[in-house]
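What TrEMBL annotates here:
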type	residues	note
ACT_SITE	E461	active site, proton donor/acceptor
DISULFID	C111-C135	disulfide bond
DOMAIN	175-491	domain 'Peptidase M14'
REGION	584-618	region 'Disordered'
Amino acid sequence: MPPPPPLLLLTVLAFAAARPGCEFERNPAVICVDLQLRTCSDAAYNHTTFPTLLRHRSWEVVEASSEYILLSVLHQLLEGQCNPDLRLLGCAVLAPWCEGGQVRRPCRHICEGLREACQPAFDAIDMAWPYFLDCHHYFTSEDEGCYDPLEKLRGGLEADEALPSGLPPTFIRFSHHSYAQMVRVLRRTASRCAHVARTYSIGRSFDGRELLVIEFSSRPGQHELMEPEVKLIGNIHGNEVAGREMLIYLAQYLCSEYLLGNPRIQRLLNTTRIHLLPSMNPDGYEVAAAEGAGYNGWTSGRQNAQNLDLNRNFPDLTSEYYQLAETRGVRSDHIPIPQHYWWGKVAPETKAIMKWMQTIPFVLSASLHGGDLVVSYPFDFSKHPQEEKMFSPTPDEKMFKLLARAYADVHPMMMDRSENRCGGNFLKKGSIINGADWYSFTGGMSDFNYLHTNCFEITVELGCVKFPPEEALYTLWQHNKESLLNFVETVHRGIKGVVMDKFGKPVKNARILVKGIRHDITTAPDGDYWRLLPPGTHIVIAQAPGYTKVIKKVILPARMKRAGRVDFILQPLGVGPRNFLHGLRRTGPHDPLGGASSLGEATEPDPLRARRQPSADGSKPWWWSYFTSLSTHRPRWLLKY
């Protein structure tokens, strides 16, 4: 007869203890193998193990799984949102990190942060949160020795880069900056001037690079009452790199001069909130930089990683404006994004800029390009689409010319009288030109700024060489430094003020009208507004639903360099119907940019989400057939219903 179970157990344990490798028997070691998944090739580690956390026992099983297929197409499904963060998070589960015979688990707080940020993107396509990204099941706490699977995205970017010995902290290195170098410089600059600067991200590029902004203000991170907001954007075309470098240099200059007590810079930063986005297209820059200065072609790296020209990717509101402008009594400003726009391919960089514009009440903006030497201003799209070149002014033509001249008139090369120089063909126009009068195109960022928000944006072409050699960068900075400062200071032209009711409560979304200029601006949530205006006499009207309108006469002297303060106190309408210029507010779906319009209003339902909701007959979402055609495993865990 066999011994009773307890005795058998003791016998087996005693035998195991006497054998070599007894440790393996008691606590079997994990065998680490090379990570061979293409979708996870950029993970922060090189070894994994089988079986995985999902009990997959071979590469073939992993690659055939619906979980792996989801990770492979996630960036297309979510239109670039949360990419590559979610993919790397999923890789940490599908192919866990194996090191020293141990499996390391990813951090729970990283998963929870991503779920909070990315859940709306899954909701928009009617997809359930993937079960294998369950933050409580497959992830662990920092106390238990977790690791950050997204650390490689920030790899080296947090570390400071020491300056050569003997150089002061105010030193600016006039060289080209890689993505990692750019991020380090911006973060180091913000750290040096922490009381007036900070960095923040407005999103990621298609390939997952942060769209990093450095902000300068007396109270970084906060909108202050009646302090105007300005943004400067570089590198919208990846191979046009001068603007990228100018803004990196400008950030360092503003910080250093503020610390040195430069009264002009201190006054500017104490009265203006300035946002610098040196690179809107970091993916395209990498393509151009791989060829290098002097070798880069005219178009190599121009587009983003989706092969989209970002300055043709914004909604075409100009065509709609031309139709609205022909009708009396119809509002032709703050035009909503048409529903059909979202059916096309919208770059994550474009979407990030639009969402940024909706969260901050920008007044003034410039987009820095390369390929010529001129300043252009809206409209960029011709009034007659067949005309490739046709003068097509906005209602604010005079103000836009002043803004363009603020840059060009203090730029030594733009004022050079030689017609043989770069940009010499614009000399007779003073090196400024209406965009459509130069060449017409749709989907531009400047037209969108003007027609969708309160913001006035110009386009600056910094030179004929798109990727200048390093030795030319210092001269470029000297030519553009004063122009950049002078342009930002023009945000203080015109009038500003607060619109409130008789109790002193701010009235948001009130309209500020100027007689003779058919383009209204609106008040911010705190009731403050800024209206860029040229010198002269203006009749200004403030009105809002439920209030009587107030009219004031404003005289702006030619040499006035500070915005005039013009406040409005609106009285409530009496009992009776409230007629507030019927027809001025158009109906229609808004854009799916997070549920807030440029004025902080709640928007109507996301048109994409409406399109993708399941039908009443219980049919599956639009993406379901894709997964069922590629895998025998039907991922019902992705269904919400």
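Our numbering is plain: 1 for the first residue shown, then up by one each step along the chain.
Here the Cβ of each residue, glycine as well, is placed from N, Cα and C on the backbone.
From a predicted model like this one, the values you see are computed outputs, not experimental measurements.
For the disulfide-bonded residues C111, C135, the greatest number of Cβ atoms within 10 Å around a candidate Cβ is found at C111. Calculated from their C-alpha atoms, the gap between C111 (disulfide bond) and the residue listed as 'active site, proton donor/acceptor' amounts to 43 Å.
Annotated pair C135 (disulfide bond) and E461 (active site, proton donor/acceptor), C-alpha to C-alpha distance, rounded: 48 Å.
Here the domain 'Peptidase M14' (175-491) has a mean pLDDT of 95 out of 100. If you draw a 10 Å sphere around the CB of E461 (active site, proton donor/acceptor), it holds 26 other CB atoms from the protein chains shown.
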